[in-house]
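Visitor: Shown below is the structure under consideration.
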Amino acid sequence: MLDLFADEAPWQEPLAPGAVVLRRFAFRAAQSLLDDIGFVASQSPFRQMVTPGGYTMSVAMTNCGALGWTTDRHGYCYAVRDPLTDKPWPALPLSFASVCRQAAIAAGYASFQPDACLINRYAPGAKLSLHQDKDEPDLRAPIVSVSLGVPAVFQFGGLRRSDPIQRILLEHGDIVVWGGESRLFYHGIQPLKAGFHPMTGEFRYNLTFRQAAEKE
């Protein structure tokens, strides 16, 4: 499909205190990001993880960076090795680090130093239920989340699961950054509607950058 807004400059949309949507911020870097997703997946394949409750997640996942987020029947944790390959996770690609760094600065988090990137692949119908990101030791560090491919509806709530939910359509190249007062806000992705993007086919990809190690 022809993108009538391909040359439009990125812009910002405030989401909550400490949170912002950076529209089209990763648009020009998208092909490099997707190429590097392919490389990471060739080393640590996508897989559907099983939660401690025995639920198989609909989203396929892999990781890169010094630490990778994983889950099994014993709980959620960050690990230095991929449990599927028993090898260290692939290094954070330069394209990932560059986009994340620029987005963090644009959102007001210039000191952010990510060491973990969770890569999510959504097929039609895949979703991510409302949750908080609280497995990290330093909750002062923000989250940087990059969207690529088929559009998805991002849900962003508050500190309680019962708080009102904002629903924001995220499109190819959009980035959401949240920290500060909103760092522990509940968030998720509604079931992905069937669609097509010329760079990703039926899929949506998401890169979620976090600081997962203890700062010295």
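Glycine is no exception: its Cβ is also placed from the backbone N, Cα and C atoms.
These figures come from a predicted structure and were not determined experimentally.
Annotations for this protein, taken from Swiss-Prot, read as follows:
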type	residues	note
BINDING	TRP69, TYR76, CYS77, TYR78, ASP135, ARG161	substrate binding site
DOMAIN	113-213	domain 'Fe2OG dioxygenase'
BINDING	ASN120, ARG121, TYR122, ARG204, TYR205, ASN206, LEU207, THR208, PHE209, ARG210	2-oxoglutarate binding site
BINDING	HIS131, ASP133, HIS187	Fe cation binding site
Visitor: Between PHE209 (2-oxoglutarate binding site) and TRP69 (substrate binding site), what C-alpha distance do you get in Å?
Guide: 11
Visitor: At 10 angstroms around each C-beta, which of the binding-site residues TYR76, TYR78, TYR122, PHE209 has the fewest other C-beta atoms nearby?
Guide: TYR76
Visitor: Compare all C-alpha positions of TRP69, TYR76, CYS77, TYR78, ASP135, ARG161, the record's substrate binders, and send over the largest distance in angstrom.
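Guide: The two farthest binding residues have Cα atoms 24 Å apart.
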Visitor: May I ask which of the binding-site residues ASN120, TYR122, HIS187, LEU207 is closest to ASP135 (substrate binding site) if we compare their C-alpha atoms?
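Guide: When the Cα distances are compared, HIS187 comes out closest.
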Visitor: For TYR76 (substrate binding site) and ASP133 (Fe cation binding site), determine the Cα separation and express it in whole Å.
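Guide: TYR76 (substrate binding site) to ASP133 (Fe cation binding site), Cα-Cα distance: 11 Å.
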Visitor: Please report the number of other Cβ atoms within 10 Å of the Cβ of HIS187 (Fe cation binding site).
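Guide: For HIS187 (Fe cation binding site), the count of other Cβ atoms within 10 Å is 23.
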Visitor: Name the residue among the binding-site residues CYS77, LEU207 whose Cβ has the smallest number of other Cβ atoms within 10 Å.
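Guide: Counting other Cβ atoms within 10 Å of each of the binding-site residues CYS77, LEU207 gives the minimum at CYS77.
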